[in-house]
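Q: Mind having a look at this structure? Questions to follow.
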Amino acid sequence: MKKEDGKQSKTAQLKQFTIDPKNQELTTRQGVKVNDTNNSLKAGIRGSSLLEDFILREKITSFDHERIPERIVHARGSGAHGYFELYDSISRYSKAGIFTDTSRKTPVFVRFSTVAGSKGSTDLARDVRGFAVKFYTEEGTWDLVGNNMPIFFIQDAMKFPDLIHSVKPEPNKEIPQAASAHDTFYDFISLTPETLHNQIWLMSDRAIPRSFRMMEGFGIHSYRLVNEKGEAHFVKFHWKPVLGVHSVTWDEATKISGADSDFHRRDLWEAIESGQFPEWELGVQIVPEEDEHKFDFDLLDATKLIPEEMVPVKVIGKMTLNKNPDNFFAETEQVAFLPGNIVPGIDFTNDPLLQGRLFSYRDTQLSRLGSPNFHQIPINQPVAKAHHNQRDGHMQTEIPKGQTAYFPNTLGGGCPHLSKIAEGAFSSYEEKIDGKKIRARSESFNDFFSQPALFYRSLADWEKSHVANAYSFELGKCNHKHIKERMLWMIAQIDDELAEEVAGNLGLSVPEKIEEPINQAIGADANVADYQPGPKKIYLDKSTALSQANTKFDSIATRKIAFLAADGFKMDDFKQMKSALEAENAVCMIIAPHGGAIKCDAGMEHPVGASITTTESVLFDAIYIPGGQSSIDALSKTPKFKKFINETLKHCKAIAADNEGEELLDETYVKDFKDDKAVLINAAPDAFIKAIGQHRNWDRMKETEGIPV
Ligand code: HDD
């Protein structure tokens, strides 16, 4: 049994601050017992309320100040606690304890998020997802603040406010919420070709995950690992979900937003509560310093990934999330991630996007959390002991002892004292710098089209078709023709046929050239010609890791299966399928014409998970219909069951039925898909399990497009 890392464990530390109202009296904030929290103090039973009422004033004041500013980006998010375990030491590359000590169980807190929407927006927006991990290590806190896509939109932090202003609701009308499908975003994107790579990932299925638990995470930037000898290697961090990478379709995403806009948050919460702990393996791509310039792109350019075919991902450990927060605000809302939080053995690079982030996150916590003492909030406290001379400020909760708060000192015995590097003190990697101070962009950052094209080429046909649909939807929502045309030209740099298809859907043609300079993300004094995109290069035909067609399909754990049934359903069918699915840790739920309970043909009562009026097919991964004539007759009389089945078919999910269950399928479009490999009639449960594990049968995508649901 591994011990939890840290001088004290994070769980024990948080416990000191956790309060539980169970069996406790209601009091004021000062601890005075209260006997009435329903009526204010009044001058006479029907008279006005009195200012003297300290209980009323305290309650209302507290309420008035409950909200803090939401995050300027990534406002909508969900968090969980867990731990990280290292498989094998990589001391050759890094001296960080988390990368060398395999006996540790390092506590983590993770927050997943969307980027553009407000705190209350839908989980299913087409958007990048944040993937931020706080490692509470013995040597201090390390934050790996990444996304679910391996690249970013821009190359220099200087452009971040422009990018975000363009995607956020338009400032005159505050529309649209949590959506990139509008003019200002595409105005900016089409003038800033460096965005194109992340932009096409945004059009792909990665932007509409099935679950937080089924998406990858990436540190994005090249960081440095530094070993005991002070030698450095470039590193890119990858999180690989044990359940594979899976997404919903856009049609489902829009419907889920209506049916359950907390879909991802609920999914994460329920998986952890049910003991199905989400897991990711941590992988590293390591590049020796001397190989820095061996690539067709710049390692310091955050709009580029290193294809796994060029530098393989070495898996070094696993993260498990095993505990939901006790309080959303105290933990998930107040957690403060800072890319600048690193520990000895990990260091930054000169990536200009990363460099700007090192400033921005601390700065934003000051306005969000209100004080430089935000590290003292329990969720943000390191497990490593912290002693420093930083003092005072709003909400100081510690009581630093002694006469001195400066260094050097004699009056405090020279404490807190310095440590030697050999004793674990941080030392910045000594990088040789040779250059002049200059406000410009390196020419090596100038290739904007090679990697978006590599990504597109690597996709399966069904994924490509989703990209075309996404572009058509997003640009279809734009009002300005010149913006759409500039985008079409840009898409043509990725792939001509893709651009033609999107243009057809928009009722436009792909322009041969565009009049204005393409790359306007440069300064007024720059020579525009120097900053035009370089020619598209093909240094790799395809990269298998970029397509979700090559992910894992071996588990149905936590997949939700709707059992469509009514009174009189066949118990034998039901029992056989349910036990087979549950043995694989899938979640089965009866969907019936009404709530409460239904009876099987053996006369037993079974609780209904949801009545058909309160749920939708898009909240499930597959459906099963047990036999039983009276059950099927009842289902057949409720039209929404047919919509439920048709939608499931259209979304390419697995469908199984036994005995009379087939009759219900015959009343839907499924009757024409009986040869489909994920439509299973009177088949063994194993075949259904295999079909669910495949996530979707995309082979039926084209033929089912016309189904009118
Ligand atoms: Fe950022 C939050 C990820 C570039 C400025 N960012 C934030 C969060 C994630 C990322 C996951 C939410 C953390 C949480 O859950 O609390 N950001 C990224 C990634 C980037 C990136 C992967 C590029 C590789 N960000 C970036 C730049 C800047 C910022 C270039 C500014 C120059 N990001 C912020 C911020 C936020 C933030 C304004 C808002 C809330 C917060 O920091 O704590 O400072």
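Including glycine, each Cβ sits where the backbone N, Cα and C put it.
From TrEMBL, for reference:
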| type | residues | note |
| --- | --- | --- |
| REGION | 1-22 | region 'Disordered' |
| DOMAIN | 27-415 | domain 'Catalase core' |
| BINDING | R71, R111, F160, R357, Y361, R368 | heme binding site |
| ACT_SITE | H74 | active site |
| ACT_SITE | N147 | active site |
Q: Would you please pick out, from the recorded positions H74, R368, the one with the fewest other Cβ atoms within 10 Å of its Cβ?
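A: Least crowded of the recorded positions H74, R368, by Cβ count within 10 Å, is R368.
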Q: Here the binding-site residues are R71, F160; which one has the lowest number of other Cβ atoms no more than 10 Å from its Cβ?
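A: Minimum Cβ neighbour count within 10 Å, taken over the binding-site residues R71, F160, occurs at F160.
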Q: Across the whole of the domain 'Catalase core' (27-415), what does the mean pLDDT come to? Round it, please.
A: 97
Q: Within the chain of Y361 (heme binding site), which residues six or more apart in sequence place their C-beta under 8 angstroms from its C-beta?
A: V145, A336, F337, L338, P339, G340
Q: Where among the binding-site residues R111, R357 do you find the Cβ with the fewest other Cβ atoms within 10 Å?
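A: Least crowded of the binding-site residues R111, R357, by Cβ count within 10 Å, is R357.
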Q: Round to the nearest Å and give the CA-to-CA distance linking R368 (heme binding site) with N147 (active site).
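A: Distance (Cα to Cα, whole Å): 21 Å.
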Q: Cα distance, H74 (active site) to R357 (heme binding site), nearest Å?
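A: Just about 14 Å between their Cα atoms.
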Q: In angstrom units, rounded to an integer, how far apart are the Cα atoms of N147 (active site) and H74 (active site)?
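A: Approximately 10 Å lies between the Cα of N147 (active site) and that of H74 (active site).
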Q: May I ask for the distance between H74 (active site) and R111 (heme binding site), taken between their Cα atoms and rounded to an integer number of Å?
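A: Counting only the Cα atoms, the answer is 10 Å.
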Q: Please report the DSSP secondary structure of H74 (active site), reduced to three states.
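A: H74 (active site) sits in coil per DSSP, no helix or strand.
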Q: Give me the count of other Cβ atoms within 10 A of the Cβ belonging to N147 (active site).
A: 25
Q: Helix, strand or coil: which one is N147 (active site) in, per DSSP?
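A: The residue in question, N147 (active site), is strand (DSSP, three-state).
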